[in-house]
Each structure stands twice: as structure tokens, then as C-alpha cells.
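As given in Swiss-Prot:
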SITE      Glu61  site 'Reversibly protonated during proton transport'
TRANSMEM  6-26  transmembrane segment
TRANSMEM  57-77  transmembrane segment
Amino acid sequence: MDSLTAAASVIAAALAVGLAAIGPGIGQGNAAGSAAEGIARQPEAEGKIRGTLLLSLAFMEALTIYGLVVALVLLFANPFA
């Protein structure tokens, strides 16, 4: 692998992880804030809100893990090499 391809792969891997973490990070913050607000308004619905929040947080975190997988493929099993 030449040095230009290696450098581009490292930069692409960094962008994959960084950009894949921005969206879910913002979404998780908004979801947690809305859940806290909902629990404050209706404490009796805390169980349902918490369950829905945890499920949605898991789906959002999956997007970040996909970005990590793409970065690892670019670094260790580079299809462009």
C-alpha cells in the first residue's frame, strides 16, 4: 500500500468514527432530556418512559458502532490497498 492510500485510509477512518458519533450523540442527549421532562410531568409513567428510552438509546448507539466497524475495516482490512 502506498503512503497516499494509507494516509487517506487513516483520515477516512477518523472521519467515519467522528461523524458517526455526532448524530447519535445529539440524539441521545435530546432523548434523555425529553425523557427526564416526561418523567417530571408524569411520574407514574416512569417505567414506560424509561423502557422506551433505553430501547431508543440502544438503536442510536448502533449507528455509532457501525461507524466504528467501517473505520476498523478501513484500517485493518483495507479494500483499497
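Glycine too: its Cβ is placed from the backbone N, Cα and C atoms.
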Residue list, the transmembrane segment (6-26) vs rest of chain: Cβ under 8 Å, 6 or more residues beyond ends.
60-61, 63-64, 66-68, 70-72, 74-75, 78, 80-81
Which state, by DSSP, holds Glu61 (site 'Reversibly protonated during proton transport'): helix, strand or coil?
helix
Are there any residues in the same chain, six or more apart in sequence, whose C-beta is under 8 angstroms from the C-beta of Glu61 (site 'Reversibly protonated during proton transport'), and if so which?
Pro24, Gln28
